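Undergrad: Swiss-Prot feature annotations, pasted as is:
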type    : residues               : note
BINDING : G165, R166, S167, S190 : NADP(+) binding site
Amino acid sequence: MVAKILDGKQIAKEYRQRLKNQVNDLKEYGFTPKLSVILVGNDGASQSYVKSKKKAAEKIGMISEIIHLDESTSEEVVLSELNRLNNDDTVSGILVQVPLPKQVSEQKVLEAINPEKDVDGFHPINIGKLYIDEQTFVPCTPLGIMEILKHADINLEGKNAVVIGRSHIVGQPVSKLLLQANATVTILHSRTKNMNAHLKQADVIVSAVGQPGLVTKENVKKGAVIIDVGNTPDENGKLKGDVAYDEVKEIASAITPVPGGVGPLTITMVLNNTLLAEKLRRGLTK
């Protein structure tokens, strides 16, 4: 068995075309979604990621802006800028690129975003809504993972899904989405005993810990579906996933590559949530 490659680039391309069509429809009502991104400091990876989001938004017809603040910017100034965006009726969605400099509290900043413009889905209100099955804005990587599984027609009902990692950004929210799809979900983490035994029982594995080579063919059962969220740069700057891709693809039924798997869907879901935010505030959701 050689695994079906779950091509995130192609899935994202098709999804973004549908978003572009919806943006065009919205423009007929006189509304254009706008994504505002706050970037504090000069972290190279963050700058690159923010530019990718801006470019992707503009490519589907949205307006996008980057508010680039100096590394030494105080927390008060960041919060003031957020308040301005919260009250700007032209802004549909707001996200703050992390990590933030040490003088700025990430939690304070995330809590200061208007939950109705929180397109990253990290505000406590939006996290809470996810956990009572009444979500509006869901964190983008978990949402992207579910789109990959849906696109591949993978039926999750009754399946054993194992999530490696318990972060609030990926592990915990994707576990909740898998539960909503009626999978039986196990979360593995750094204190889990006998991780291999859990992995061997898994029909679906989602790994999101940033440990290259963690998942090997020895701990994957034949026919499992593998979603690799890891993206750790090696000494040459090449991105490595958590999964030993070349060997695991020989026994899995489907697998995401790194890069080109989950990553393109994460940015796509930022756009999805920005469009949703604009529709909701204009009363245009069906």
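Positions of Cβ are set from backbone N, Cα and C atoms, glycine also.
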Undergrad: Cβ within 8 angstroms of the Cβ centroid of G165, R166, S167, S190: which residues besides those meet this for the NADP(+) site?
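TA: Leaving out the recorded residues gives I164, G171, I187, H189, A208, V209.
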Undergrad: Return the residues near S167 (NADP(+) binding site), defined as same-chain residues 6+ apart in sequence whose C-beta is under 8 angstroms from its C-beta, sorted by sequence, else 'none'.
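TA: Spatial neighbours, sequence-distant, of S167 (NADP(+) binding site): A208.
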Undergrad: Taking the Cβ of G165 (NADP(+) binding site) as centre, how many other Cβ atoms lie within 10 Å?
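TA: Around the Cβ of G165 (NADP(+) binding site), 24 other Cβ atoms lie within 10 Å.
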Undergrad: Could you measure the widest C-alpha to C-alpha distance across G165, R166, S167, S190, the residues recorded as binding NADP(+), and give it to a whole number of angstrom?
TA: 12
Undergrad: Whose Cβ, among the binding-site residues R166, S190, has more other Cβ atoms within 10 Å than any of the rest?
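TA: Answer by Cβ density within 10 Å: R166.
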Undergrad: May I ask you to report the DSSP-based helix, strand or coil state of G165 (NADP(+) binding site)?
TA: coil
